[in-house]
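What TrEMBL annotates here:
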type    : residues                                                : note
DOMAIN  : 64-214                                                  : domain 'RecA family profile 1'
BINDING : Gly93, Asp94, Pro95, Gly96, Ile97, Gly98, Lys99, Ser100 : ATP binding site
MOTIF   : 251-255                                                 : motif 'RadA KNRFG motif'
REGION  : 350-466                                                 : region 'Lon-protease-like'
Amino acid sequence: MSRRTLSFVCQNCGAASPRWQGKCEACGEWNTLSEEGAERAAGPRKPGKGRLFALEALAGDTQDAPRLASGIGELDRVTGGGFVRGSVLLLGGDPGIGKSTLLIQTTAALARAGHRVVYISGEEAVAQVRLRAERLGLRDAPVELASQTSVEDIIATISEGKLPKLVIIDSIQTMWTDTVESAPGTVTQVRGSAQTLIRFAKKSGACVILVGHVTKDGQIAGPRVVEHMVDAVLSFEAEGSHQFRVLRSAKNRFGPTDEIGVFEMTGDGLREVTNPSELFLSERDLGSPGTAVFAGLEGTRPLLVEIQALVAPSSLGTPRRSVVGWDSSRLSMVLAVLEAHCGVRLGGHDVYLNVAGGFRIQEPAADLAVAAALVSSLCNAPLPADGVYFGEVSLSGAVRPVAQGAARLKEAAKLGFARAVVPEATRAEANGAIQVSDVGSLTSLVADIAANGRPPARAKSGGEDG
Ligand code: TYD
Ligand code: MG
């Protein structure tokens, strides 16, 4: 092998460098460069005369992207109504989260519906996949199974006979292709194998699902370019420490990216959860004062978290202000606005604020939920259990709109919340799935909450609150 065909490729971001370096100049990670053979085609080639091809008009006869619905409602919702012919999906998730389980259930459902589906496992032996299928009660489903890792062999085999409708590759990190000289699992191999499989999907019209491992910082391992090459990127995540799994789409050329599918991992596989609110609400102290649900965003993704506040008379000269999961200067600001504009006196009270589940909120959009939780605790007035809050509070006490109001409302509705308290401008973004009440200023929110207050039931000693 001549020296020219080698290069050093960052295993984190896929950037190539002509020599070894301790730090990748593209992504800044240390110790990620490793030597890999370049793709064979990279050698110098004589420029030939290009082949002529016909250009087509935008208007023309094209069938609507025909979809292959799995019949698993939560999955079909996320893909946008089923798998599209010739499309390639990347399914990412932590090890053990249930990717293989979800896919074996999907293939079984499609196979039982009479479609040809092929499940290729590069990680497990056929017997292991069989055992799982048996445990799930799917042994009779006519899924075609193999344990293989050579992309060329796989494509040659599945191209025989009737073309499959769906091909599962579990996982892309275990595949290798002849066109690339590096070891399996390296960035170049992952990219090369993905490319070959994508070409197969586009040519044959089969839908291919690639399973991708996730690195410790939550990214699908291997080059980000795989994410750009595929038509859709789905991620399968655990919600909290529970049996619940959430399927989200981070990218989807043929469907929405703001839908989620909720599953529960049970003894016999993944069960669809059609009413997630039950689960979500079951964990909460319903009807206790001082808790408000904040409809937040994590990156581009809506995320609902519970904010807990405790406001109690202080015995200290300087009352305590304690915050976990939020910015303490932001809390001071909200407290100051409550005092200055809403007549809420907190000078003699200790204030504790906690974001449930160990989340850390960065957004100012949580101001309104924090204020609601604080006032609710102070007035001993529980907030509606099916309500969410979001909005930024300005120093004048006005409630300002925040980004992605529609996405927040949609997620709240999906999770079973029935009403939202939002800034005035967000009302226009509501789509009817959830009842929206807008607040122009913090003063009106405080008045609303205080109106429902009960006199604090403070027991003198050892008594129980009512
Ligand atoms: P798996 O689908 O193998 O995860 P992945 O492919 O994402 O690595 O799921 C493995 C986990 O799921 C394992 O910890 C056992 C659990 N599980 C169940 O709880 N019930 C089941 O019916 C099955 C098949 C797995
Ligand atoms: Mg697996």
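Counting starts with 1 at the first residue shown.
Including glycine, each Cβ sits where the backbone N, Cα and C put it.
Feature annotations (TrEMBL) mapped to structure.
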residue	record	contacts (Cβ under 8 Å, 6+ apart)
Gly93	ATP binding site	Lys99, Val214, Ser235, Phe236, Glu237
Asp94	ATP binding site	Val214, Glu237, Ala238
Pro95	ATP binding site	His213
Gly96	ATP binding site	none
Ile97	ATP binding site	Phe236, Glu237, Ala238, Arg245
Gly98	ATP binding site	Phe236, Arg245, Phe263, Met265, Leu270
Ser100	ATP binding site	Ser121, Glu123, Glu124, Val129, Arg132, Asp170, Val211
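A Cβ within 8 Å of the Cβ centre of Gly93, Asp94, Pro95, Gly96, Ile97, Gly98, Lys99, Ser100, the residues given for ATP, is found for these other residues of the same chain: Thr101, Phe236.
For the domain 'RecA family profile 1' (64-214), the mean pLDDT of the prediction comes to 91. With respect to ligand 2, the binding-site residues Asp94, Pro95, Ile97, Lys99, Ser100 contribute Lys99, Ser100 as residues with a C-beta closer than 6 angstroms to one of its atoms, given in sequence order. Gly96 (ATP binding site) falls within neither a helix nor a strand when secondary structure is assigned with DSSP, and so counts as coil. Under DSSP, residues within the region 'Lon-protease-like' (350-466) fall into helix, strand and coil as 45 helix, 25 strand, 47 coil. Residue environment of Lys99 (ATP binding site) contains 26 other Cβ atoms, counted within 10 Å of its Cβ in all protein chains. Residue counts for the motif 'RadA KNRFG motif' (251-255) by DSSP state, with H, G and I taken as helix and E and B as strand, are 0 helix, 2 strand, 3 coil.
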